[in-house]
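Contents: one structure, followed by commentary.
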Amino acid sequence: MTRHFLDLHRLEAEVLRVILDDAHARKQARKGWPKGRADADAPAKDRVLAMIFEKNSTRTRFSFDAAIRQLGGASIIANAGDMQLGRGEPVEDTARVLSRMVDAVMIRANSHEDVERFARVATVPVINGLTDRSHPCQILADLMTIEEHRGPIAGKTIAWVGDGNNVCHSFMHAAPKLGFHLTVACPADYHPDLHDLAKGGHHVTLTGDPRDAVAGADVVVTDTWVSMGDSDYEARLEAFDGYGVDDALMDAAAADAVFLHCLPAHRGEEVTDAVLDGPRSLVWDEAENRIHAQKAVLAWCFAG
Ligand code: CP
Ligand code: NVA
């Protein structure tokens, strides 16, 4: 069966663990190597990854491109607006054509449903590189970063403070699979989607109070209050007043709590410079780990 990587709740817990372990192992195995050198096993040798972007990207774009090269393969990158997709060619026809030309496709899309439609027709692995609904690749890198610094993720408590958005959804999807607890603090009008919340089961708690959420938490996470595609910037800034992560909020978490942010950060909005650049911040490791996590996702897809 073709191995798609669309959402974390659709993967077996064992598969998530295998992917995370492979990400750790691949990072360890190439410490000190030049970034362009391929891993010893080169599991993507002779494979081509296509990447389609409907939205902006720095980390996802560069990490997947570096990842496929380190796995021994090659990439083709296109902005959707430059493709016939941008002139109305159906998603399904695009999927049929690309399945004849490349070995896997990563898509960053405005609409989650478009990625689902693509995957229903594609005969090669399809990877969700962020949609309006979820960002599963990011969460692998985040969990990997937590494990590097604080040990196994099972049993940890993560506090999400801010918008109940796509990144938050993927954290909720992962919580029951990997056995951690997630406390989400968000304003009432910006809570996570209830279907996604339900996927977290009793591993996810919702609150309106950031201080409640971070009490005893091992990890504090936030993200922009205005995601790509959101238009209500002023209303959001007002609604999220009091939800910014600053040193006082970090002090209310566990004594050795760490801070994560998928980036890009809006300094002075959802997080202060002092936290982002401070000793509890792991955001640069987190960004680097996108490469290692993406390699593990690709290796898993190609092993199918
Ligand atoms: N975190 C993340 O996905 O970053 P980009 O939007 O730069 O890809
Ligand atoms: N929630 C953000 C994440 C960016 C990586 C967005 O969708 O814009």
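Glycine is treated like the rest: Cβ placed from N, Cα and C.
Keep in mind that what you see is a predicted model, and the values were worked out from it rather than measured.
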Note: TrEMBL has S57, T58, R59, T60, Q84, R108, H135, P136, C137, Q138, C262, L263 binding carbamoyl phosphate, and from R26, R30, R290 that site also includes R290
Do you know the DSSP helix, strand and coil residue counts for the domain 'Aspartate/ornithine carbamoyltransferase carbamoyl-P binding' (3-148)?
73 helix, 21 strand, 52 coil
From binding-site residues S57, C137, C262, R290, the one whose Cα lies nearest D223 (L-ornithine binding site):
C262
Distance between C262 (carbamoyl phosphate binding site) and N166 (L-ornithine binding site) at the Cα atoms, whole Å?
11
R290 (carbamoyl phosphate binding site) to S227 (L-ornithine binding site) - Cα separation in whole Å:
19
Looking only at the domain 'Aspartate/ornithine carbamoyltransferase Asp/Orn-binding' (155-301), mean pLDDT returns 98
Would you mind sorting out which of N166, S227, M228 (the binding-site residues) have a C-alpha within 10 A of the one on H135 (carbamoyl phosphate binding site)?
N166
